[in-house]
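Asks: One structure coming up, written as structure tokens, with questions to follow.
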Amino acid sequence: MSSDKSIEKNTDTIASEVHEGDNHSNNLGSMEEEIKSTPSDQYEEIAIIPTEPLHSDKELNDKQQSLGHEAPTNVSREEPIGISGDEDTQITEQNVNEQRQETREPSSEIDLNEPLDVEKDVTTDVQAPNGLNIEKEYDAVKENEKVYADTKEVVSSPENREVTGKNSGGEKSSSSKFLDDESGTTTAANANDISISSEVTPERSSENDNNQIHITNEVAAGINLNENKEQKAAIEDGPVTAENLSSETARKVPPIPTQIINEKGDNSSENEVSAIPTTSSPPLPPRQNVATSTSPKLPPRGKQREQPPKTKNAVPPPLEEEMKSEKFRKNFEETKRNSYHHVPLTGSKTAQLESTAEINLIASRYRKTSHHLNKEGEETRESLQEGQSFLKSTFTSFLENLSEYNEVENVNEEDREMFKIDWSFWTQVVNDYATVASNEPENLEAHVTNGIPPQIRGIIWQLMANSKSREMEDIYETLLDTECLHEATIRRDLRRTKFVAEDKMESLYKVIKVYSVYDPDVGYTQGMGFIAAPLLINCENEAESFGLLVGLMKNYGLRELFLPGMPGLMLMLYQFDRLLEEHSPSLYNRLIREGISSTMYATQWFLTFFAYKFPLEFVLRIFDIVFVEGIEVLLKFAVNLMLKNEETLVKLRFDELLDFLKDELFNYYLMGNQDDASVVQMGLSNGNSFKGNDDGTFSYNVDLFVHDAMTGVYITPLTLRRYRGEYVEIHEKEQKKEDHYESLRIQNHQLQREAQKLEHDYSILNKENISAANELIQNRLNMEMLLDEKNDLINTITDIKSQIEEEIRKQNLPNPDASLPKADLREDLERTISRNNEVMRENGQLEERITELQAEIDELININKEQVSTASLLERDSKAKGRKGWTGFKKVFK
């Protein structure tokens, strides 16, 4: 947009320079002689005329209306009008007539397929209405530059300044006084420059300016030529210089509207040009009586000539106020309709396509197709070009045969309908689809909405999808005999495709099978038969339908709907939800409250193009619009169905609501429901209607369905791109959350495995501890038994010692048996000694045993001390887990 505005400004600047160059080149030649021959006392006529007009606005408007013309914009306060005689009226009418004749002459035809030259276009637009050559005019100005300098020196003399000052002071509100009061910075030289310009201003320049304003006012209705008061005050407050005067003069003439510029550069716009009134402009009042405060722009000097001054366009009122004018609305609608017929001055057809593709699905679809084509190799592009040529030749042959049908007297109803088709438009589509899609998307949408003629439907589809190529036919022939893993599944699902004839069933199987081999990532998904069947029916052979299917999948983005995970389908469902929320928030919120998701009922709509429900003829009309606008247009049909059934849907509960969405949502377009239809529906009910069931009990109104979807739901690529961004952002956030949850699940699983391992190790240690405790208890019992044996041995030793002492005591007593024979005593003593020795030996052995047992006791005591601490720890663990395995062990230590 900024480039368009800059070009318009440059065009306005060049146009103003052309007018001024023409004026100066015609009048500067005689300027020197006039000034030299004029005495100083006659400079009174050149004095600055006061700004107050002698004719009021009402008088001027009444005079214009008395001649049968529209009242022009107030020029007396805005436009510089030089001094003229009584012949102004005739000159003005002649100039206006010449200008109108030149404007109505169409310029050379523009080839839309070639890139535009901005500089060349601007030059042509400027020269066309005026018949001028800018370079020649500048050369003429350069030749007269010296004369102009001499003229300024003569007028700038002290005598001339005095005369000018006197004359200026004699006026009611002179310009010199105005400049002194307002700015206080104007010099005498500047005042002389202004006075010279007032005299030198040619009559024709002012007339052309006025007439040009009048013509512009009639063509571009609604453009207010009155200056903004704030801008005017700002200009008047500043210092008055030659640059300010030039800028103000240029500002007073409004810029040439874009529509008029385009009309001059296109032969097809003669109707729009003819809309300009052909009546001559009404005569203006004598210019010596009209006040002026500014002079036209002086010829530039030196380097200033290379830099044209910037124009200041008049500020129009707000759009809301201008839309109140019926003429402005009419002109706005004409400009909107013709915006596709004219190539803008930006100089590039691609730039127009890029801007249109942001708001129009047709232009967006063509841009995507072009991008896919540019990515292909040279051989592929040549093959596609050959396919395009073949389709065009096929269409030409069909038209030739069609002309022969016109010669037949007796034709049936179908042939009559065929003759009513706008074959000239479809010929234009076939020959140059790029131009039609780029410049006339609304016209193309209207024709496609009414339906592509069945006789050329396959040709148009292949041209739009750019799918016809010898390369794709060779691929089909090569893969036809290749084995497929999905053969049984394909044959089973094809039995559900009821609108395909038996003789076409095998061909349909081959097409789907070859595609599953051609694209192994997609393979085969249930629902492909509904997509491939209409293609096969409208193509000449299987190879063409295969190429068209590949084009839909690859170029139109249908492949993403059938990939594993169906990312494209999820995106379309999200876009459907957002569009439904935008068009009917109440219905969307109702579905959310009931827990109804679009995945429950809308997936088959997008996967089968509604073919699972509607008859073949109905589906073909949907395919027509899909090929021209893309699969995004399915969102229009889906949202339209929901909006038409909104009143019923908001009243149902979950179960009934889900059943209605699956089975009864399409009943709105049954022919039997026309009693409740609107006026538009009744008007379309006379169109095509197709049966919904084989028994013919129901029939659908396809024209009404398509018309409602295309006019009732407005979708732009910009909106879909915004929804795509939202979906990607949400999906990325969900993916990050899912990744985080997955990492937590993995970490949790690892921790669980560690816990299980620790529990296993703990069970092993627990078993070892239990065995050690049991062994400790057994040792404790053994120790107690040894202590008992020790005590018994000690008691035995004590008894033996007492016996020995008793025996010794007895021996020390007087032997009453001394009288006994010595031999007996000796033997008894020996026996006693030997017995004593034996007892001593046994006693030594017992003491050694006691020593050993004491050592064992000490060792067991040490072990017992160590085990006591271990037992206390185990006892606390057993209490924590509710186990009572150490109760007996504690009793032992007590």
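In case you wondered, yes, glycine gets a Cβ from its N, Cα and C as well.
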Asks: Swiss-Prot tags one of SER389, SER802, SER819 as phosphoserine; which one?
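Replies: Going through SER389, SER802, SER819 one by one, Swiss-Prot flags SER389 as phosphoserine.
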Asks: Where does the phosphoserine label fall among SER25, SER66, SER107, SER370, going by Swiss-Prot?
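Replies: Cross-referencing SER25, SER66, SER107, SER370 with Swiss-Prot, phosphoserine lands on SER25.
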Asks: Quick check on the record annotations: which of THR89, THR164, THR380 is tagged phosphothreonine by Swiss-Prot?
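Replies: Of the listed residues, Swiss-Prot records phosphothreonine for THR89.
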Asks: Labelled phosphoserine in Swiss-Prot - which residue from SER16, SER30, SER274, SER878 would that be?
Replies: SER30
Asks: For SER389 (phosphoserine), which residues in the same chain are close in space, meaning a Cβ under 8 Å from its Cβ, but six or more apart along the sequence?
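Replies: Listed in sequence order: nothing, so none.
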Asks: Restricting attention to the domain 'Rab-GAP TBC' (451-630), give the mean pLDDT.
Replies: 88
